[in-house]
Every structure is written in C-alpha cells, then in structure tokens.
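Taken verbatim from TrEMBL:
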- 201-216: compositional bias 'Low complexity' (COMPBIAS)
- 43-167: domain 'DOMON' (DOMAIN)
- 246-366: domain 'DOMON' (DOMAIN)
- 375-575: domain 'Cytochrome b561' (DOMAIN)
- 201-221: region 'Disordered' (REGION)
- 1-18: signal peptide (SIGNAL)
- 413-434: transmembrane segment (TRANSMEM)
- 455-475: transmembrane segment (TRANSMEM)
- 487-505: transmembrane segment (TRANSMEM)
- 517-540: transmembrane segment (TRANSMEM)
- 552-576: transmembrane segment (TRANSMEM)
- 610-631: transmembrane segment (TRANSMEM)
Amino acid sequence: MNSLKCAVIFAFLQAAVAIDTSGCGSTKNCLYFPTGCSPTDSTCIFFSYVWDSSTNVFNMELTGSTGNNNQYVGVAFATSTVMRDAELYYCTGADEIKSGTIRDERSPPTPEATLQAGIVHVTAQTLSGVAECVFQRPASITKTISTGADFTFDLETTPFNVLVARGAYTGGALEYHGPAPARESTTNQIDFMADPAATTTAGATTTTTATTTTPTVSSSSDFDEGCGTTKTCFRSPTDCTAGTSGCLFASWIYDAAANNFNFELVGATSGSYVAVAFSDDKLMESDDLYYCTSSALVSGAIQIAQRQPPLLPNQLIGVSEPTNTVDGGVLSCTFKRDASVMKPSASGEKTFNFLTNQYFVLMATGPMDGDNIGYHQTNRYQSDTGLNFTAPPENLGGAGVSTHKRNMVKAHASLMILAWLTCASIGILIARHFKPMWHDSTCFSTKVWFQIHRGLMITAVVATLLAFILIFSSVEGFSSNAGAHPIIGIVVTILAIANPIMALFRPHPGTPRRWIFNWGHWFVGSAARILAITAIFLGVDLTALDLPEWDTWALVGFVCYHVVFEIILEILSAIYGHIDSYKKKKPSDDMPMDDESKENMAPKGATVKYFVLILYSFGNLAFVLAFLAAIGQMD
C-alpha cells in the first residue's frame, strides 16, 4: 500500500516539473519569444522540438502564460510569416492541447473537434500561471487550407516559419492575440531536421554552423508581415509601421478560388474610425466606402464630397466575415469583399469591379460624432495612381492632403472675411453717414471721407480677387461639391469687379444721367455685400474649413451688431440733419465724389458720430480676429 502511495506521489511530482531547457542546443532545438526570455516568465513563449528517427515523430514542447486558464498559447507552422494557411496547435494549461488550421489572416482559426490522427503522448499542465504542453507530432500532417485544397505540412522535407501567439480564451474560443509581443514569428524558415548539436541557442536568435538555417524573431509589426510578398499593402506616410500612431494602413489579397478580396484596415485609435474608399479619381465623390470602429464594420458610398456619406449598416453589400479589434488603442478590421459590388452614387447605381477596372485608394481617419463619422480634416490620403487589385503583391505608399493647398483654403477664407466683414462694412458706413464730416479736410486734393471709402473698397476688391484665385488653384477648378457657396462667390467676384469699373465711367455731378450711376452703384454694391455675407455663412460650415460650432452664431452676432450700429447712425444723421444736408443728391447713397459741401463749419454731432464709428470699428475687428484665429488653428 505504501509503495502504491509513493508511486502516485512520484507521478504527481513528475507532472509538476517544469519543462527542462538544459538540453537546448544539444539534444533539442529551442526558440524563445522574445529573445532571451525565461520560459517561466509571463511574457515569454517557448517552443522546442526534436526529431525521433526511431518512431518518425517530432517531440514538441510549448509554454506560455495562460493566467487562470483564461488564456491560450499557440504555435503554428506556415510557409511565410503571415498567419495564413498555417497548421495550428494551442493549449490553455487546463485543457489538453488542441489543433486547428489558420486559413485566413486575422480571421478566427478553424478548430478541430479532436486531435488529428498521429498526435499522441499529450500532456498539459499549468505552473504559476504558465501553461506547459507536450506532444508528439508525426513528420507529415495534411490540412485543408483557404483554397479548399489539401496541403501537406511535411516537417521532414520542407522548412516552415514558426509562428507563436497568446491571447484570451473565452468559452472555448480563441480571441484575437493582438500585435507583437503577443504574436511573433521566425523571420527565416526553419529546417526541422537540423542537428541541435550544431546550434547554440541565444534566446530567440540562434547562431549556427554554415549548414544550418538561422531562425530569428521578426521585430516588425505583424500587420506588415507579408507586404509585397503575399499581400499588397498601402500605407501613409510611406515609411510608417502599421499599428503605430499616425499610420494609416490597408492590405488586400485576391482569392481567385472564392473570387473575393481579403482586406485589412489599421490606423485609428479607440473612439475614432479608419476608412478606405475606392475611387475612379482622386476626389471623394461617387466612391465605394468601408470604415470600421471599435464596434462595427460599416459599408457606404461617398456620393458628394464634404457631405456625410449614406451608410448601409444593415447591408454589407458584397462583404462577408467582418471583424473589428482594438488592441493597445489600435483599431484594426478585416473583411472579405466580392470582386464586384454595386453601390448607390450621385448619378445612380454604380458598379465597382476590381477585376476589370483600376481604382484610386483613399484612406482617412477621424473622430466619431455619435453614430456618424466626423470630418477627417487633413488625415486623408490617396494613392498617386489607380491601382490594379489583381496585380502581384506590392508595398505602396500614399500622398496626404497638400499642406500648400490647405493653406490656400485658409487664405481664401481669411481674405474674404477681411474684405466683406471689415473693409466693405466700414467703407459703406463711411459713404452713407460721414460725407459731411471732415468738412475742411482733404487728402491729395480729395475729400477725406472719399479717400477712406475708396481705399477700403479697393482693398475689398483686391482681397476678393486674390481669394478667388487661391480657391480655384486649391480645388483645381470649380468645386461642384460645395453647394451654393462657389456659385455665389463667383457672382460676388463679378459684382466686386463691376462696381469700380462703373465708377471709372460715372457721369459728372449734375449731368442728366448721374442718377443712373448713383442707383446702379448703390444696387451693385449692396447686392455684392449681401451675397458675400451669404457666401460666408455657407462657407464657414463647409468641412474643408471645419471651424468650431460657434462660427455660424458668431456670424449672426456680427450681422446683428452691424445692423444696430447702422440704426444708431441713421438716427444720429437724422437728428443732426446730416441726411437733409445732402438729401437733394438722390439716392441717399449718392457718391458725388467731387461736389461736396463747401461749408467750413464742422457739422453738429460730428464728435458723437466719430465715437460711434471708432466703437463700431473696434467691435468689427474683434469679430474678424476671432474668425481669423479659428481659421489659423485649422489642422
């Protein structure tokens, strides 16, 4: 009886002994992830193998942190560093080791209900939160891969990359492992038949003789693995690493057997979105759109630039197997897209066929605004040319929104605000209410009021012309996606040019046709000013500026402020008889320019009106400076 107890205790103690690494490099090959880690560390994944020629099997060991049996540690064999079409083994410490197949990169693996025939002598245990699994694998095992065909993983004759990962194990299902260090791989393929005696282990990197392949652990982001070899990758900036701050990344693989494309998006943080669109041109208009957040993948169509795209949340047209993951604050999504899909566009239904057409790739990231996507501002990039999606894998980069063009938009907005909110507004007040002022003062032989008025209005016209040229250069022509703003802007520019030309050909005072000029000058100037303010109202809400939400209300405040001072000046002009003094020169906004009053006495109320003008000017500048500051802070 005592001998039986001793045998049981001995067997228990044997099961609880940690995996021995003393034979690494002498009796077995060992790989450490990361380099130099200890198999007992919670951050270490350890894998060893040794060929047993007498039984034609590999003896394999796998260790890694599994916590309280709520995590897994896995090892896979693949023909590249990409987790695709790979043979998989994983354990949690509490369960026996399990097997499966990774068919599609970053998609859930296909588990097997029972271990494949030939996997024997399986043991699994957990020591201090670290799972240790041991098993024997025959030299050759056949699995069904993504194409639906059978593929033989023959470790005796074929080198393979070793891939390892750890992640959450919930309800018997493997959760996404996340990027390195939770997932790593050997850079080179491993010759499983190499003699361990010829290998001196140095952590994850081994130093070998000339006849032995050197396995090293890849330190790059696992999103980047396979770029240019097994998948096409698009990123911006061109030299960024996928999964790092500020990097937008998309990759795709064409699956000819299924006639679809496997896509992956990476590049946003939690609370934001990452989007990709496919366009006939570089413009965000009539494009095929996909974006993902931490909670969903959404399909849609960009119909009109700078407008919220119609979304199809319950209609993932041509899309299957969507996934979305947030790991370490990095958002990534995968999905399969049919080679050809049809989406609604501004002109009707439109087909996007990757097999027959080339498309520009557009990417963007920005904040979420409730359930809608917010404006991306300058976080928007596009490929330089249309891309052939069935071409051999490439590693591509994209160009961002030109800072120069962005500055031209800001300059356009600033010039128009200065022209019409300040110069034109003050200039019109001077002409209307200050003709009798500065009664005995001239500037270059011309009345002061007229010189001020003329200087302000010429400045407004020049600023308008510059703004007009800048915006047309920035958008490379006429923008059909900004609503009525550009149309009204063109009309304003024409009227602004017409008014000074009319003044050059004005009839002399007192001539029969002078009244025609007076009314025409007043009408064209008033129309230009009203339309300019209208265009500014429309412009400040365009997403190209993306000004703060107070912009419209600030404009309303400016208009009210101006109207109040107009009324005050009208009352003062009536009280002090300033209107009566030139009432005979109709219309009331007549611009005599060279037949002003010869009186030498300062008109009554001049001081009061000067004070009102100064007060108005300070307030006007305060409004304008607030707008200019907001424009200057645009990203």
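Using N, Cα and C of the backbone, Cβ positions are placed for all residues, glycine too.
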Per-region confidence, the domain 'DOMON' (43-167) (mean pLDDT, whole number): 86
Among the ranges 413-434, 455-475, 487-505, 610-631, the one whose Cβ pairs under 8 Å to the transmembrane segment (552-576) are most numerous: 610-631
Composition by DSSP (helix, strand, coil) of residues within the domain 'DOMON' (43-167): 0 helix, 73 strand, 52 coil
For the transmembrane segment (413-434), distant same-chain residues with Cβ under 8 A (at least six beyond the ends): 449, 452-453, 456-457, 459-461, 463-464, 466-467, 470, 489, 492, 525, 528-529, 532-533, 535-536, 539-540, 545, 558, 562, 565-566, 569-570, 572-573, 578, 588-589, 591, 609, 613, 616-617, 620-621, 623-624, 627-628, 631
